[in-house]
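Lifted from Swiss-Prot, the feature list:
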- 1-100: topological domain 'Cytoplasmic' (TOPO_DOM)
- 46-80: region 'Disordered' (REGION)
- 47-56: compositional bias 'Acidic residues' (COMPBIAS)
- SER97: phosphoserine (MOD_RES)
- 101-121: transmembrane segment (TRANSMEM)
- 122-138: topological domain 'Extracellular' (TOPO_DOM)
- 139-161: transmembrane segment (TRANSMEM)
- 162-169: topological domain 'Cytoplasmic' (TOPO_DOM)
- 170-190: transmembrane segment (TRANSMEM)
- 191-197: topological domain 'Extracellular' (TOPO_DOM)
- 198-218: transmembrane segment (TRANSMEM)
- 219-273: topological domain 'Cytoplasmic' (TOPO_DOM)
- 223-266: coiled coil (COILED)
Amino acid sequence: MATWDEKAVTRRAKVAPAERMSKFLRHFTVVGDDYHAWNINYKKWENEEEEEEEEQPPPTPVSGEEGRAAAPDVAPAPGPAPRAPLDFRGMLRKLFSSHRFQVIIICLVVLDALLVLAELILDLKIIQPDKNNYAAMVFHYMSITILVFFMMEIIFKLFVFRLEFFHHKFEILDAVVVVVSFILDIVLLFQEHQFEALGLLILLRLWRVARIINGIIISVKTRSERQLLRLKQMNVQLAAKIQHLEFSCSEKEQEIERLNKLLRQHGLLGEVN
């Protein structure tokens, strides 16, 4: 059995990765996250199970009528209260934090980068374009369409989260990249063969790879939160079931003891054995 010192060393070993993770991920917070409690949340996730085991007292044996009186108290927890209907801002907040929305954003970022890369390949004559340069125009308009979607996303995020939006450096960086990319795309519509602007556009698209990292982090974090919630619910249900079984076992032991006493009184215990 592990001593208290061994448990303390093990716990410190678990806390260290959590601290490193929290220091890294706090720079990737997005709207909807608790900006001030970010580090605390990740430490709590790492050590929650161990803390619950330390705080939870061992079950005391229950005997006789006390067990019968306490058993009815072990009732399933009441169901969650009915949720109020979401307004427009609440629906948008839920959409921005959903896993599917993040997957869509990642796909659009990758597609946008590929479109700009295709434009550069055609503009540098690495692949010979068609006579009227229709392919490059199609790629450019598709890129602008994707950027319009990203601009709408930023506007709706400002509408939903308001000042909270500016507490997250990652969101500000992403918004700056989207706005500058959109302006450069519009400028390139009227000024062709501007290789410097196109190179800057490529650089900005590469910076948007951070958006992919952000999407992956949100996706992993969301799934972890859901799994943690399910495990908590299962833990509560199993704890209630264990307590109920302990009461039942205690009653059975008392009943067996009572029957053995009756057998001894009538001199039948030796014959049964």
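A Cβ is built for glycine as well, from the same backbone N, Cα and C atoms used for every other residue.
Summarised by DSSP class, the composition of the topological domain 'Cytoplasmic' (219-273) is 51 helix, 0 strand, 4 coil. Within 10 Å of the C-beta atom of the residue listed as 'phosphoserine' sit 17 other C-beta atoms, taking all shown protein chains into account. DSSP classifies the residue listed as 'phosphoserine' as coil under the three-state reduction.
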